[in-house]
Amino acid sequence: MQSWSRVYCSLAKKGHFNRLSHGLQGASSVPLRTYSDQPIDADVTVIGSGPGGYVAAIKAAQLGFKTVCIEKNETLGGTCLNVGCIPSKALLNNSHYYHLAHGKDFASRGIEIPEVRLNLEKMMEQKRSAVKALTGGIAHLFKQNKVVHVNGFGKITGKNQVTATTADGSTQVIGTKNILIATGSEVTPFPGITIDEDTIVSSTGALSLKKVPEKLVVIGAGVIGVELGSVWQRLGADVTAVEFLGHVGGIGIDMEISKNFQRILQKQGFKFKLNTKVTGATKKSDGKIDVSVEAASGGKAEVITCDVLLVCIGRRPFTQNLGLEELGIELDPKGRIPVNTRFQTKIPNIFAIGDVVAGPMLAHKAEDEGIICVEGMAGGAVHIDYNCVPSVIYTHPEVAWVGKSEEQLKEEGVEFKVGKFPFAANSRAKTNADTDGMVKILGHKSTDRILGAHILGPGAGEMVNEAALALEYGASCEDVARVCHAHPTLSEAFREANLAASFGKPINF
């Protein structure tokens, strides 16, 4: 990937900044939320302010482009910040604290609390506070970087024009040299089940329940299903996840890790019905919901009764009413916008990134695409190695991986070796009395190059970034094994697993 400093130097030599600075003076006088009879002129117009969109807008402005970002919602940050990644992590963190205090964990550490009570409204208030601070932070960054924020639904009304429309019908026209679509994704509906965000909820509703349900059924045991199911299970709900596939954790997870992960969640009280499909859901007169299920291959029907039904079978690209059809931009069979390696659509000055294009629907993937996309507009190199994009499940313990799984390597016919190290043998995990899980490293059998890293355990979401860096630089298992890691730390388990992969045995197990 071409470094950002080179892009800046390249632009400076071309006089790009001087040429655009005059335009930026005009942009700085435009309010963050503006509607006028006069069109706004821009070099780059970003539709959507989620992780991909807002980062792309800021980067474009930093590169000297006169930049506009259009957002249909009142707050910036998209799904991730408002009703996704951020609020779910607040609830996951706080529900974990409650679980430790309410169960036997604290007592086993010599911390005796006579009575632990859940104040759900206070917990939700802390979640909202975190979201508000971060959405306000984006608004501040826009102002600081002179990104013009236009509130409204953005539609491409010409190859060089975007029109933003508010709920009251007011419009703002933006004339623009480049258009970047970063509209993200939306919840995939379940045929025959209507979401009311009260007792039949999507991930959005599950983040704002008014009380802890007695019984919760989750359709889908992927990342979102196990995360949100964990929140309410910790807070006292009886949770059952119904999953069509034969494993938990979604697509891409290593099967050995998945089996161990499922075992740990079940030990916590989480129930699973795998290889099972939901055939319908009926609300009863008493407010409860009968969920009809049967084996994925067909068979005897069964009914599970619950207070709340959470539908999380995935997400789909949000591309409706963007004006793509009028421009002749056709979607692929999965509803995604086809782009080339520079994120250009069939119309060269219209780009797309994030959940609306191919690849994993991850916030950090969208951020990377946003940055390199606008660097490409400025003449920089455009490259991203999707094999180095990590995935994380923020349960406790966490699950994280980057690179290939064992199943993928077998399917591709790649010869590999495996190194494992359990957290039960890690000093820091022992002192923390938090020893579930392991680190699993997959290395090339002859070259020793790291091909994949799979972590189940405390702090996996942080540790996986060391693995991502190693993969990005093409490191061998021995390279990591010979890097001195501080003691006692959880990351020593990562080093030990690489020792096991490279030399056949770890030191401490």
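Each Cβ is built from the backbone N, Cα and C atoms, and glycine gets one as well.
The NAD(+) site recorded in Swiss-Prot includes Gly220, Ala221, Gly222, Val223, Ile224, Gly225, Val226, Glu227, Glu243, Val278, and the single candidate from Gly175, Gly314, Gly323, Gly328 that the record places there is Gly314. Looking at Ser202, Ser297, Ser427, Swiss-Prot tags one of them with phosphoserine, and that residue is Ser297. In sequence order, Ala241, Val248, Gly249, Leu265, Phe270, Ile393, Thr395 constitute the residues six or more apart from Val226 (NAD(+) binding site) in its chain with CB-CB distances below 8 Å. With respect to His487 (active site, proton acceptor), the closest of these recorded positions in Cα terms is Cys80, chosen from Lys66, Cys80, Gly220, Ser297. Binding residues for NAD(+) (Gly220, Ala221, Gly222, Val223, Ile224, Gly225, Val226, Glu227, Glu243, Val278, Gly314) extend across at most 20 Å, taking the greatest CA-CA distance. Under the three-state DSSP scheme, Lys273 (N6-succinyllysine) falls in the strand class.
Around Gly220 (NAD(+) binding site), the same-chain residues six or more apart in sequence whose CB sits under 8 Å from its CB are Ala241, Val242, Glu243, Val311, Cys312, Ile313, Gly314, listed in sequence order. Spatial neighbours are here defined as Cα atoms within 10 angstroms of one another, and by that definition the neighbours of Cys85 (disulfide bond) among the binding-site residues Glu71, Glu74, Thr183, Ala363 are Ala363.
Under 8 Å, Cβ to Cβ, and six or more positions away along its own chain, Thr183 (FAD binding site) finds Ile47, Gly48, Gly50, Gly53, Gly154, Pro317, Phe318, Thr319, Leu322, Gly354, Asp355, Val356.
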